[in-house]
Amino acid sequence: MSVYHPSWTHGGPYDDRSAVTLDASQQHDVELIEEGMQSTRDPDRWFFAAERLASAFPEWLWAKFRLAYAHLLLEDADGALDLFEDAKRLGQAPDKVFNEWLELFRQKIEEEREAEDRSWSEPEDGGVIVQSWKPPRDLDAFKHEVSSSSSPVLEEWIAYRALGAAAERYARLVAVQSSSLEGVFLLGGESMSTVVRKGVCTEAIAEVVQGPPGGVESVVEILQDFNKCLEEFASSAQRRVSVSHDDVKAIHAQLMRSSRIGYAEFPGEAPIPYLNTVGQYRRRIVTASMDSSGAGAGGDDNENEDDDGEGEKKGQNEDDDTGADDDDDDDDDEPWKVVQFARHQEVEAHMGTFLDMLNAKLAEGERESQDPFVLAAWTHYNLAIIHPFTDGNGRVIRILASLPLLKAGLPYINVRPEVKPAYLAALHMAATDEDLGPLARLIADEMRESIGWLRNLQE
């Protein structure tokens with residue numbers, strides 16, 4: 001039997017349901033879990049029930065064990081191992097069958113993590129590293145031709161805001177297009193225009209061309225989370241003089257609140273659910289692939305990870321701005337072009353280094369002496385090369401990188417899905433040529449495009 005399928009003594013301590021008294025709702029959760037565990041399919045149907053019970057009864061082995069199993073089925077092997085270890089510590093009577101399996105599972109996870117670490121510097125399947133990892137660098141390490149677009153864009157934004165409801169509409173446009181850029185969902189018909197004009201509600205969405213299994217309702221929840229995140233960050237931008245690790249993680253937690261379970265899509269297969277680690281820095285190595293055009297600098301969210309059959313199994317899922325072109329037959333013989341991000345063991349340290357640099361700029365008033373689009377590009381680039389999260393990086397990065405713009409009276413970064421190749425190429429140029437100019441100009445140009453689109457929006 002696979003080491004990824006836990007073994008335990010049936011009828012033993014991990015099956016004991018007599019330790020707690022349940023109300024009707026909790027009893028329903030138990031029944032949902034029992035039914036779900038009859039197979040390994042659809043763990044997303046009972047994961048939250050297991051989480052509720054484990055939270056209500058922290059020392060109940062039955063719930064802890066099943067929550068761990070749900071994590072395992074949802075491709076979160078690290079989280080599963082932690083929970084299984086907790087269950088073992090809580091158990092008063094040892095279960096020899098489980099303990100033996102847990103030791104094998106722990107060894108397997110360690111072996112695969114070691115293999116992942118090796119693959120970071122020695123890519124598998126003939127991969128070639130085309131963008132090597134470099135630690136975060138301060139602004140003076142880059143060329144950054146000062147953009148001439150700051151004042152004209154600000155004037156356009158002020159003129160548009162005078163018409164009323166501008167900030168709300170711009171935020172809704174960002175929420176839709178930033179999500180579409182990452183492949184979270186794709187709206188059809190006039191849905192985007194209606195959402196921007198009327199607000200986020202099920203009635204505004206006529207068609208979901210591609211998206212989560214929950215359809216319109218799930219898209220609405222994702223957009224509501226995004227909007228709340230944008231509103232809260234914008235409301236504090238002017239008085240914000242520092243950004244902490246907790247601030248970054250809180251943005252991620254709010255943004256991904258309704259996306260804790262993602263779905264990887266593969267041709268001819270049913271979507272495969274996986275668990276997002278929300279509000280936490282990632283715990284495993286990630287890399288991205290780059291297509292022959294040079295797109296795929298790793299600025300956004302999906303981590304085309306080395307797929308070992310467990311862990312976050314992604315495919316074409318949320319936030320995949322790797323630029324990979326899997327459909328080009330002419331490239332079949334080309335090696336896999338690899339973009340490196342920070343090692344997961346060093347994410348916290350590199351984020352600390354970058355936040356120190358960012359906070360120094362906020363405290364010293366350097367923001368006033370620099371073009372806000374250049375500062376936004378610098379922030380975006382450094383966060384992108386660290387890639388702090390498992391999923392949601394692109395959306396979180398664009399929010400955080402908007403801080404210099406918001407302080408200058410400008411709106412958020414918005415990048416249309418149709419300019420994704422140019423966006424990724426600009427990020428790659430920042431990495432390889434140490435030139436932030438193309439990214440700064442793209443951010444400014446896209447802001448003007450967004451304002452222009454909103455001005456022309458038919459009521």
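Glycine too: its Cβ is placed from the backbone N, Cα and C atoms.
Taken verbatim from TrEMBL:
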ACT_SITE  His387  active site
BINDING   Asp391, Gly392, Asn393, Gly394, Arg395, Val396, Ile397, Arg398  ATP binding site
COMPBIAS  300-310  compositional bias 'Acidic residues'
COMPBIAS  318-334  compositional bias 'Acidic residues'
DOMAIN    243-445  domain 'Fido'
REGION    289-334  region 'Disordered'
C-alpha spacing of His387 (active site) relative to Asn393 (ATP binding site), in angstrom: 6
If you measure between the CA atoms of Ile397 (ATP binding site) and the residue listed as 'active site' and round to the nearest Å, you get 9
Would you count the other C-beta atoms found within 10 angstroms of the C-beta of Ile397 (ATP binding site) for me? 27
Compute the C-alpha separation of Arg395 (ATP binding site) from the residue listed as 'active site', stating it in Å without decimals. 11
To see if you understand the setup: which same-chain residues, six or more apart in sequence, place their Cβ under 8 Å from that of Val396 (ATP binding site)? Val248, Ile251, His252, Leu255, Leu383, Pro388, Phe389
Whole-number Å distance separating the Cα atoms of His387 (active site) and Gly394 (ATP binding site) is 9
Counting only other Cβ atoms and using a 10 Å cut-off, which of the recorded positions His387, Arg398 scores lowest? Arg398
Can you check what DSSP calls Gly392 (ATP binding site), collapsed to helix, strand or coil? coil
